Amino acid sequence: MGICRNVKTEENQLQKKGGTRAALFVYVVAGVDTMAFISKGVSLVTYFSGYMNFSLTKSANTVTNFMGTAFLLSLFGAFLSDTYFSRFKTCVLFSIIQVLGYALLGVQAHFSQLRPFPCKDVPLSQNDRCESADAGQLAILYGGVYLIALGNSGVKAALPSLGADQFDEKDPKGAAKLSSYFNWLLFFITIGAMLGVTLFVWIGDNQGWDWSFGISSVAVGLSILLLTMGKQFYRYNVPKGSPLMRISQVLVAAFRNRNLPLPQNKEDLHQIRSGEAENGIEIIQRTDQFKCLDRAAIPRNNQEASTSNAHGPWSLCTISQVEETKIVVRMLPIILSTVFMNTCMAQLQTFTIQQSMTMNRKIGNFELPAPSIPVIPQIFQLIMIPVYDRIFVPIARKFTGIPSGIRQLQRIGVGLILSIVSMAVSAVVESRRKSVAIEHNMVDSANQLPMSVFWLGFQFVIFATAEILTLVGLLDFFYAESTSGMKSLSMAITWCSLAFGYFTSSVVVSVINKVSGGWLANNNLNRDKLDYFYWLLAAVSVLNFGFYLLCASWYKYKKPELNQEGPISDEKPKGKTEMRVV
């Protein structure tokens, strides 16, 4: 009786962990982290060119590299989270790295001897006299910038997964709450982004960059305290070793067994049986795709086993391990088909700000700063996310029976369609803007055109809706489809789509400029052919959507056999394993 009471007490304590209460801490921390990071992403060009004396081209490329690196390094954070640390510890560690990065830049911005004499107020005719930053100043600058990128990458990989871990994805009610979680995660990220592009940009412009970096450092530091305050409510993942190692073992074992015939009876392939499964082991049904990888699970006969290391992890893998590798291989085409949408997003963010600088940005007596233009789609997102989550999803769920209303791949597909529409609308609006410049003989004028900046709102609103559908759909899709031992890696794969989008954006501009003879080479939007560029992006997006349709129709969803509570615990690995009939 005493043992039964102890088991029940442990189960009741586990049930009290997690849920929306625990996710609230993740929501707020994600918002604060985004607020500090995005504000630098939209305004560092000004700091690099005005205070570090970089050229405009070098400033833009440095910011693009900074943003892309932050997203790409999330793979490193995911590796540590899934292999060595829990997601909670990963978030705390990398947030501390961010604090150090912001503090280092704040110190450099405060002490003038740590940076060159700023050229922002020097007449254009005397810009050649501006001194460049020396090696020591550049070391401090790049050290701070890439400490921020490294710290932010780890938080990006682990924090969304930490919040998602608070819901049981194999329970119907938990699955519905999990889908809703990703919607509200984007909601709080959007709030943070709004504060970043308004409040923090204003602080940098009016109070000084030392204040901007300093407040960012303090804000991220406070977010660490907030995250630790929720420690008693979290359900923690138990690291299961490197998923990259398990994938490598499958590839090596499949190559070693390449000459072995696949058994007629698929039950002969090596698999951990339900009665033999240790706590936290996830058993996945075999699928027919990539049969060549199944050779990694072929047991050798006794004679072969006696002459070779036939039962080592590099020679024999379980079907579940093979299926985990297949999941990653199936995910790659999906993520590749969303890279171009993020390339379009990077172009839209860059050129829209330049377009806004030529347009009337006044709202009454207030003039909206150009770097704060992204607040237009962010306001729309704050409206659309609750509408989607509270109205559309429940209605769609009644018809489809799917917890998220529609399947994640369907949601991503609709988002890609809207991104095509957004590019087409951008081309139309740009044509209208250029016609206004011609009508008023202001093609070469530096004055603002008699055209409201809110014309850009049309393309922003459509693309904001596309981002709601695509980004949240990708996060939900990769988390749901990945195994319990690679949740952080799946989040990192999602962010890599953004990374490659940022990296390829500058390449796209360079290539199109060369091929077209200089559509965007005049440094004057009124003479450039930005509308042609948008039409080309729309056309390529149509081809990209066709590629996505092929990938999505080919994809086979994961088929788990067991529902485990082992990988998620309150303090240490414990729980039960429950059979599920598929």
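Cβ coordinates are placed from backbone N, Cα and C, and glycine is handled just like the others.
Copied over from TrEMBL, here are the features:
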- 24-48: transmembrane segment (TRANSMEM)
- 60-80: transmembrane segment (TRANSMEM)
- 92-111: transmembrane segment (TRANSMEM)
- 139-159: transmembrane segment (TRANSMEM)
- 180-203: transmembrane segment (TRANSMEM)
- 209-227: transmembrane segment (TRANSMEM)
- 368-388: transmembrane segment (TRANSMEM)
- 409-429: transmembrane segment (TRANSMEM)
- 449-480: transmembrane segment (TRANSMEM)
- 492-512: transmembrane segment (TRANSMEM)
- 532-555: transmembrane segment (TRANSMEM)
Sequence-remote partners of the transmembrane segment (532-555) [C-beta within less than 8 Å, at least six residues beyond its ends]: 330, 333-334, 336-338, 340-341, 343-344, 347, 409, 412-413, 416-417, 419-420, 423-424, 426-427, 430, 512, 516, 519-520
Any contact, the transmembrane segment (209-227) to the transmembrane segment (492-512), with at least 3 Cβ pairs under 8 A: no
Contact set, same chain, for the transmembrane segment (449-480): CB under 8 Å, 6 or more residues outside the stretch: 160-161, 164, 169, 178-179, 182-183, 185-186, 331, 334-335, 338, 341, 344-345, 348, 352, 355-356, 358-361, 368, 373-374, 376-378, 380-381, 384-385, 388, 404, 408-409, 411-412, 414-419, 421-423, 425-426, 429, 432-433, 436-437, 440, 442, 487, 490-491, 493-494, 497, 558
Any contact, the transmembrane segment (492-512) to the transmembrane segment (139-159), with at least 3 Cβ pairs under 8 A: yes
Recorded stretch that, among 24-48, 60-80, 92-111, 180-203, 409-429, has the most CB pairs under 8 Å to the transmembrane segment (139-159): 92-111
Same-chain residue ranges lying at least 6 outside the transmembrane segment (180-203) that approach it to Cβ under 8 Å: 23, 26-28, 30-39, 42-43, 160, 163-164, 166-167, 211-212, 215-216, 369, 371-372, 374-375, 378-379, 381-382, 385-386, 388-389, 393, 468, 471-472, 475-476, 479
